[in-house]
Amino acid sequence: MVGVMMAAAATPGCGVSQALTACGSHEGLRRVAPVFGPGVVSVSAPCKLPRKLNVQAVAEPIAKSSPRTIEECEANVVAGNAPAAPPVPAKPSAPEGTPAISPLVMPARPRRNRRSPALRAAFQETTISPANFILPLFVHEGEQNAPIGAMPGCQRLGWRHGLIDEVYKARDVGVNSVVLFPKVPDALKSSTGDEAYNPDGLVPRCIRLLKDKFPDLVIYTDVALDPYSSDGHDGIVREDGLIMNDETVHQLCKQAVAQAQAGADVVSPSDMMDGRVGAIRKALDLAGHQDVSIMAYTAKYASAFYGPFREALDSNPRFGDKKTYQMNPANYREALIETRMDEAEGADILMVKPAMPYLDVIRLLRDNTALPISAYQVSGEYSMIRAAAAAGMLDEKKAVLESLLSIRRAGADVILTYFAIQAAQWLCAERV
């Protein structure tokens, strides 16, 4: 019947009989009188078909129930007079030229559990749903949305209307978690990033606005100095180029408290300074925010896949790179050191970033902690898929859903992805 619905839907104004003929699945169907009621559609009158269509399928007239008792029926079967049933279907024929061979002798044939959609669904080990997505949102001080050239389909959202509209779209398809990233005016940037903890800054204002409109929305925030730093680094830079660790952590604590005070549900230190999780936890608790969670960027690698993100926020380092504080892409075991530290310091969620190039690290964390794992499908991963799809090199929907499924399969509980709304729409459509 799915074929019936698709054929009819693809032929505007068609009669159902035309659709049935077109799809060749009209066996067992008969014309019905033009009576409209639940599940009945006239085959003679043109119609606009709804998304779901129930067409009456009638084979033979249903026989009246037999007056015989259950005991009589059972006795007939025992006596060898079993009632007639449809014959066993003939085995489908192989194409001409197929060699005639004896079946392979093998007790285990894994394909048996894959032979139908129902069996595949029954034994599916990993699932994804909109509840698994966190939508990253870029915000700026302007009133209008501004497209991001390196991230087709993504925009810097005007902090009032654009932000609200995007969250409406997300919630409409079941995505109720967002993370905010600010594009800060250059005039507000400084070497110490003091704007990061301004209670009336862009992020605190966005948090208050969203909580006023959507009290149950889960708001994650980014805790780092790079959007606010005139140097473009995640920490305070000494004159010799060294990123100062402890002084930076002091600033991050004030930033996290300001975000929590505005109403953030989860603060997310992405800076990769040593000891920042424990210091932020202590600062939050002392400020009365014991219920605000920390999502630690535990294994954040110094990756080439961040390029489009830095364009979106204009947060490229003014000199050097971030290799003295972000992890070496060649390292695997080092992620366990960061995991144990963050867990001991009070992290509530552990993150791996990027996601797809580091599926092995996601699995490593999953096997070594009971805490929830998040993974960030970063801007470079997003833009790669979009570019390949635009060039006709792959099917965007299939590639996106497969990539997200692989991240979940590796062990991530939640995924930060720019595809959140689109993927949720696809998933919802599949369940209709």
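Just so it is clear, glycine is given a Cβ too, placed from its N, Cα and C backbone atoms.
Taken from Swiss-Prot, the feature region 'Disordered' applies to 84-113.
Counting only same-chain residues six or more apart in sequence, the Cβ atoms lying under 8 angstroms from the Cβ of Lys300 (active site, schiff-base intermediate with substrate) belong to Ser270, Met272, Gln326, Met327, Met351, Val352, Lys353. Lys300 (active site, schiff-base intermediate with substrate) falls within a strand segment according to DSSP. Residues or ranges marked as active site, schiff-base intermediate with substrate by Swiss-Prot: Lys300 (among others).
According to Swiss-Prot, the 5-aminolevulinate 1 binding site annotation covers Arg310, Lys322. In the three-state DSSP classification, Lys322 (5-aminolevulinate 1 binding site) falls within coil. The Cβ of Lys322 (5-aminolevulinate 1 binding site) lies under 8 Å from the Cβ of His233, Asp234, Met272, Ala302, each on the same chain and at least six residues away in sequence.
Sequence annotations record features per position, and here Swiss-Prot assigns Mg(2+) binding site to Glu338 based on similarity to another entry. In sequence order, Thr298, Ala299, Met327 are the residues of the chain that are 6 or more apart from Glu338 (Mg(2+) binding site) and have a CB within less than 8 Å of its CB.
Per Swiss-Prot, the feature active site, schiff-base intermediate with substrate maps to Lys353 (among others).
What Swiss-Prot lists as 5-aminolevulinate 2 binding site is Ser379, Tyr418, and the listing cites similarity to another entry.
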